[in-house]
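According to TrEMBL, the protein carries these features:
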type: DOMAIN; residues: 17-150; note: domain 'A-factor biosynthesis hotdog'
type: DOMAIN; residues: 193-333; note: domain 'A-factor biosynthesis hotdog'
Amino acid sequence: MDTVLALSPFFLGPQHLVHKPDSPEAFLLDAGTPVRQNFTFAAELPEAHPLFSDTTTPFHDLLFPVEALRQAAMFAARQYFRVPTKRITAVSASSTEITDVDPWRRTGESSRIALDLALTPVDVVTGVPRGLECEAVVSIGGRRCGRADGRLVFLSPGVHRGHRDAGRRQSEESIAAGWGHLDSAGVPAPEQVGHRDPRNVVIGLPVEDEDDGEQLLFPVDGAAAAAVLSDGSGEVPPALFLEASRQAALIAAAELNGFVPSHALLTHWQATFRGLAEPGLPLYCTVRGQQPGGGALAGGAPRVTVRDGAGRPTARLRLTFLQGDREVAQVSVTVLQDC
């Protein structure tokens with residue numbers, strides 16, 4: 001089946017989702033058997049998109065395949081796995097990695113991206129999954145160059161409301177007690193976060209953590225993020241965490257490692273979501289360097305430059321997103337200096 005989709009206002013132009021059953025159960029869609037389903041998603045990478053094409057770097061936007069995976073999986077959940085439309089989709093984990101940098105370089109000509117998707121139902125109750133494990137191999141111009149993974153959870157309205165109420169209450173109480181109030185240091189120039197249009201800047205300039213000199217604190221501009229990333233659901237869009245991570249990581253890599261944002265690229269992003277972020281409440285993230293083995297840098301520890309297979313320097317960073325004292329997400333990123 002070849003389905004032409006209008007997945008999201010993020011995407012311009014036609015998108016195609018092809019179902020590729022590899023078993024009789026997967027082929028018999030009407031049977032509703034909760035087994036792994038394979039798909040291929042294909043689209044043209046946008047060259048004139050208000051967000052994806054607004055870049056000072058010579059690379060295609062990493063946000064496109066991540067959001068394509070999420071949107072295609074949400075479509076397949078209703079169409080192929082019988083997940084009721086009243087269930088609310090939440091992302092519990094997500095990651096992406098660039099495995100070959102060259103295909104991500106812009107050439108000035110149209111490029112086609114394809115995601116080979118494997119969607120596996122989990123926590124199946126009476127034939128309907130409560131979640132999906134999502135895996136994708138990313139190709140640009142027919143050349144494999146990355147991967148994207150995620151786990152979606154489908155919540156009943158009551159469970160979703162309970163999670164949001166509890167999280168909002170904890171955040172509001174801690175904010176009232178003085179947590180999460182950052183004195184604004186201003187807004188970064190768009191070039192500092194890899195953009196040209198100031199409307200696409202979703203973070204503020206960092207402030208130093210008085211209790212931890214190795215850590216930077218970034219306020220997240222929820223209103224700016226909603227203007228460019230909102231999917232109309234009334235939720236904090238999952239794409240916000242990747243975009244805010246990237247912007248904070250570019251500034252942190254410049255300050256901590258001397259990287260130049262116009263030649264820097266996120267090659268690895270991995271997030272675990274601890275709860276539901278609440279619209280309208282202050283959101284901020286902490287950023288600190290990571291040792292090669294994955295641990296956080298201790299105060300005064302020398303910074304170690306790790307190079308990739310081509311000898312290019314990389315910076316490994318750990319980010320935590322919070323509302324008050326409530327941790328919403330933990331993220332690890334790798335920034336590559338393309339030189």
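Here the Cβ of each residue, glycine as well, is placed from N, Cα and C on the backbone.
It should be emphasised that the depicted structure is a prediction, and the values quoted were computed from it without experimental measurement.
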PLDDT averaged over every residue in the domain 'A-factor biosynthesis hotdog' (17-150): 89
Summary of DSSP states over the domain 'A-factor biosynthesis hotdog' (17-150), given as helix, strand and coil counts: 28 helix, 59 strand, 47 coil
